[in-house]
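First up is the structure itself, then whatever we jot down about it.
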Amino acid sequence: MKKGLVAFALLLALALLPFAASNMVVFATMVMAKGLAVLGILVLLRADQVSFGHAMFFAAGAYTAAFLTAAWRDIDLILLLVATLAVTGIAGLLIGVFVTRYRGIFFGMINLAFSMVLYSILEKAFHITGGSDGLRIRRPTLLGFEFSRSEFDLVMFYVVLAVAAACCVLVGRYLLSPLGQALRAVKTNETRVEYLGLSAKSVLLTGYVISAMLCGLGGVLMGLVQGLASPEHAFWSRSAELVFIAVLGGQGHIAGAFAGTLVFEWVRTSAAALLDDSWQLILGVTLIAIILWAPGGLIQLWHRLAGRRTSSDRTGSESGVAE
Amino acid sequence: MTMNIAALALLDGLAYASLLFLVAVGLTLIFGVLGILNVAHGSLYAIGAYATATLGQWLVAQGFNPWLTFPGMIVAAVAVGVLLGGLIERLLLQRIYSKDPVLQLLVTFAVFMILENLQRMIWGVQPYFMSTPLTVLGNVRLLGINYTAYQVLFLPAAALVVLFTLRYFLRHTNMGAQILAVTEDREAATAIGINASRVYFMTFVIGACFAALGGALATPTTSLVTGMGANMIVLSFAVAATAGLGQIEGAAISALIIGIARSFAVYLSPEIEVIMPYLIMVLVLLVRPNGLFGKETVRKI
């Protein structure tokens with residue numbers, strides 16, 4: 001109950017952000033959009049599987065928006081989101097059927113191979129995908145209204161906030177459901193899961209499709225904010241970045257996904273101001289420091305700083321209740 | 001497709017496969033022994049290449065005999081492998097052997113980010129060239145085609161030397177036997193007095209040297225650009241996974257398959273050239289989930 005209140009207060013504070021700091025709106029929108037994709041990675045981390053290729057669904061989301069807005073001039077934003085969910089859901093199912101046969105490093109790297117195939121296609125098929133320049137995404141309408149550039153930024157902020165909040169609740173529910181709990185069982189011992197009469201493969205496949213759709217949502221929203229879909233979105237280091245953020249935030253925490261993204265993007269922008277072209281260096285060092293000294297990520301640091309919750313309560317918080 | 005083009009594609013593929021093998025064999029060796037997939041392997045490849053280019057250009061500018069660029073390549077590769085590889089293992093990997101494989105993977109990814117950034121800081125984003133070894137070796141006529149001797153003779157020869165030296169080293173030397181013993185069972189090997197952490201260190205450094213050597217030997221035939229490491233790591237993984245992770249001889253065969261398939265794709269349908277390695281990998285893994293030569297792992301209950 002207390003958690004619900006905190007989450008509500010946070011949501012309210014965020015909703016008021018455009019009035020308090022209007023120059024932060026676009027940044028906050030991007031963080032939340034990317035956080036959605038990290039949330040997708042988090043679902044798979046539950047089963048201890050890392051995908052080094054989920055940027056392909058991110059890119060798929062952005063390109064869906066690019067193609068649809070090019071084909072229909074005044075397509076509605078809601079329609080774009082639904083279409084993205086359909087596209088990435090089906091893509092996730094098709095690829096998932098294949099990749100869920102593998103575990104561990106193979107799982108991660110075969111995902112990577114798929115994303116590299118998509119990347120190469122996006123980059124080479126110039127006449128369809130615009131090559132390495134990518135495609136422009138037109139501003140869609142929302143419920144029939146058209147918006148100017150600055151209005152649209154504000155609209156996107158609230159849309160992304162709403163989508164992110166909804167996804168947090170839904171993912172939280174999913175992770176607490178028997179199907180979500182089975183993901184953890186797959187992490188602990190897959191053979192035992194099968195002795196219980198569950199199919200580890202279909203448990204993982206469900207998680208995979210959900211995570212693909214979350215990444216797709218993140219991609220389409222990010223694409224709409226930036227107005228661009230580029231093949232860079234599908235490059236493997238982007239996927240690794242998402243995994244990085246998930247671990248940075250804290251494995252298994254919904255709040256960690258967004259906190260991690262916030263810190264990641266903040267370090268990236270401020271590193272550029274500090275020393276030219278050094279963000280990778282600084283982030284790399286940060287990642288190593290986190291893994292060596294705070295493997296539980298930002299969330300664990302937060303708990304440690306707040307001085308509450310020791311190991312006795314760890315199990316409760318680890319079950320990742322939605323905020 | 002005429003015979004001429006087929007022969008050309010075959011020679012292209014052979015040269016390319018030799019380089020692929022050098023990098024992939026290091027990756028697969030490290031994975032086989034340490035159980036870590038080293039994402040930073042691609043950066044070691046790139047830095048090996050850049051170091052070679054710098055050293056080679058300096059040698060030529062100083063007016064030394066251009067043949068000296070050959071030992072120069074080896075020197076640069078070993079220096080990069082021992083220095084960087086040694087540092088990475090000693091400072092970082094040693095602390096994480098007991099951690100989750102996911103975290104191990106991420107640590108090497110962090111190293112990759114750092115090295116990638118350092119490489120941009122040191123060598124900038126301008127492309128580098130150093131083709132002296134290519135020109136001093138001249139051309140040969142093979143299968144009715146004029147081709148650079150460096151690519152069709154020297155590179156495959158280097159790959160073969162590495163393959164057979166590694167085989168000999170692992171099967172017939174004391175250190176090699178220790179490495180195999182630790183791979184088989186780290187605890188048991190420690191119990192009979194093998195210093196396992198030294199074996200890990202040696203293996204990682206050797207693997208790192210192979211990556212740097214791959215880069216060094218690639219220098220004369222490619223222009224060095226940022227991002228070459230990021231591409232190479234994916235390719236060499238595709239080679240290693242197709243063969244089955246940890247399979248050294250297998251890596252040679254799958255490097256040949258992927259290298260030649262790719263160069264045929266260049267001539268037949270250039271659009272699918274880039275995705276060829278992944279296509280082969282996915283097809284092989286569909287039929288044989290542990291790779292062509294990989295063994296089935298036993299599941300623990």
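Using N, Cα and C of the backbone, Cβ positions are placed for all residues, glycine too.
TrEMBL annotations: computationally assigned, not manually curated.
The annotation signal peptide is assigned in TrEMBL to A:1-20.
Look at TrEMBL and you will find A:49-70 (among others) tagged as transmembrane segment.
Positions annotated as transmembrane segment by TrEMBL: A:77-99 (among others).
Residues annotated as transmembrane segment in TrEMBL: A:105-122 (among others).
According to TrEMBL, the feature transmembrane segment maps to A:155-176 (among others). Residues of the same chain lying 6 or more positions beyond the ends of the transmembrane segment (A:155-176) and with a Cβ under 8 Å from any Cβ of it are 7, 11, 14-15, 17-18, 25-26, 28-29, 32-33, 35-36, 39, 42-43, 46, 77, 81, 142, 147, 183, 210, 214, 217, 221, 224-225, 254, 258, 319-323.
Within the chain, the transmembrane segment (A:205-230) has long-range Cβ neighbours (under 8 A, six or more residues past its boundaries) at 26, 29-30, 32-44, 46-47, 51, 54-55, 57-66, 77, 80-81, 84-85, 87-89, 91-93, 95-97, 99-100, 132-140, 153, 156, 159-160, 163, 167, 171, 174, 179-180, 183, 242. If you look up TrEMBL, you'll see A:205-230 (among others) marked as transmembrane segment.
The transmembrane segment annotation in TrEMBL covers A:242-267 (among others).
Summarising the annotation, TrEMBL assigns transmembrane segment to A:279-302 (among others). Below 8 angstroms of C-beta separation, residues 244, 247-251, 253, 255-256, 259-260, 263-264, 267-268, 271-272, 317 of the same chain, each at least six residues beyond the ends of the transmembrane segment (A:279-302), sit close to that stretch.
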